[in-house]
């Protein structure tokens, strides 16, 4: 799914990369987007537009994923971007199919005719939890106080997710089923009421389905096993960013957190936006982040402007709501750990980084009402209802449409990351 309403996100200052198909290009292949025009890069390559770049492999843009292209050196990516910008700037904004363009006519398609596909083949997925406010908010709701995980200030905490369950925006999300605690005196699983005596454990559809508003880091140039990586050098291995929804079954997750952490409460679905925004497009929006609270080892030291000023927003549309309703709006510049530090920490044991790998930032939340990136925070663990009087609910219901979006500044945005909740499918 890719919506025409986000045309202003995709100016010539952006030029993202994705995998698209259309009636004239039935095979999924590499494309970029300018306003609502999709440009297939293989056609430009065949027309000789990139002939000045000898390091560019012949068929790199015809592949059904971006992996081969993403793995190329950043110098090659910069050369491609320079050629695209210098060519497209000849047309002047806004670009539309009706204008005479210095491109093959067959290379372009209107967004209404295009289908987007998962942009990369994803070998692994690691989800971090880099937001200090989110961890504090969750602690108050679940534990009754804002104490942090013991390691939070020492390194980016995270867990290994399910790469196989990452899907493109627009993919329906089936409500998961799993093991849930029923607490004494309640009619529904309410994991936040820790003082209630546990009654029993049932296997049933999730009743506390949630979204998590995140950004996703896409690894480009691979890092060999045993190499290690310093945060200051990590951008060499980062291809770009997407919006990521780490769907969460809070009631299922609650029962499995001790001692090994989330499994089925997270493994059922993750959604990413279709367009990968290259770091070169985001470079003007670099900014400083929070200061370290403890002395960090050399590989995690990342002084200067290492965060990005990216506004992120979650909207919900569904039962009891007055149309599309903003649930939360915050900014990635407040993340305590940078995307470079996340990559460096993962590699610090000698772990490799593979092209197409996804690193989630964790929920991007602020400290105040209106800046929360999950319903866990918005509804205080389901205790404060959302929606019209008489139709309140604490979490997602079937038919809900969750729409996440992000933008760094005028003309540079991410588009949308959308999922529609479907009813649970009970196993036979």
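Note: Cβ is positioned from N, Cα and C throughout, glycine not excepted.
Here is what TrEMBL says about this protein:
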DOMAIN    13-119  domain 'Fumarylacetoacetase N-terminal'
BINDING   127, 212, 214, 246  Ca(2+) binding site
DOMAIN    130-419  domain 'Fumarylacetoacetase-like C-terminal'
ACT_SITE  134  active site, proton acceptor
BINDING   246, 266, 270  Mg(2+) binding site
BINDING   253, 363  substrate binding site
Same chain, 6+ residues apart, C-beta under 8 Å of the C-beta of residue 214 (Ca(2+) binding site), given in sequence order: 127, 243, 244, 245, 246, 360, 361, 362, 363, 364, 373
Integer mean pLDDT for the domain 'Fumarylacetoacetase N-terminal' (13-119): 91
Under 8 Å by Cβ from residue 212 (Ca(2+) binding site), counting only residues of that chain that are 6 or more apart: 245, 246, 247, 248, 362, 363, 373, 374
Extra residues within 8 Å (Cβ to Cβ centroid of 246, 266, 270), Mg(2+): 125, 127, 161, 162, 165, 212, 244, 245, 247, 248, 267, 269, 360
Neighbourhood of residue 253 (substrate binding site), C-beta criterion under 8 angstroms, separation at least six: 262, 265, 266
Chain-mates of 127, 212, 214, 246 with C-beta within 8 Å of site centroid, Ca(2+): 213, 244, 245, 248, 270, 360, 361, 362, 363
Under 8 Å by Cβ from residue 134 (active site, proton acceptor), same chain, sequence gap 6 or more: 362, 363, 364, 365, 372, 373, 374, 377
DSSP-derived helix, strand and coil totals, residue by residue, for the domain 'Fumarylacetoacetase N-terminal' (13-119): 31 helix, 26 strand, 50 coil
Same chain, 6+ residues apart, C-beta under 8 Å of the C-beta of residue 270 (Mg(2+) binding site), given in sequence order: 125, 161, 162, 165, 166, 167, 244, 245, 246, 247, 360
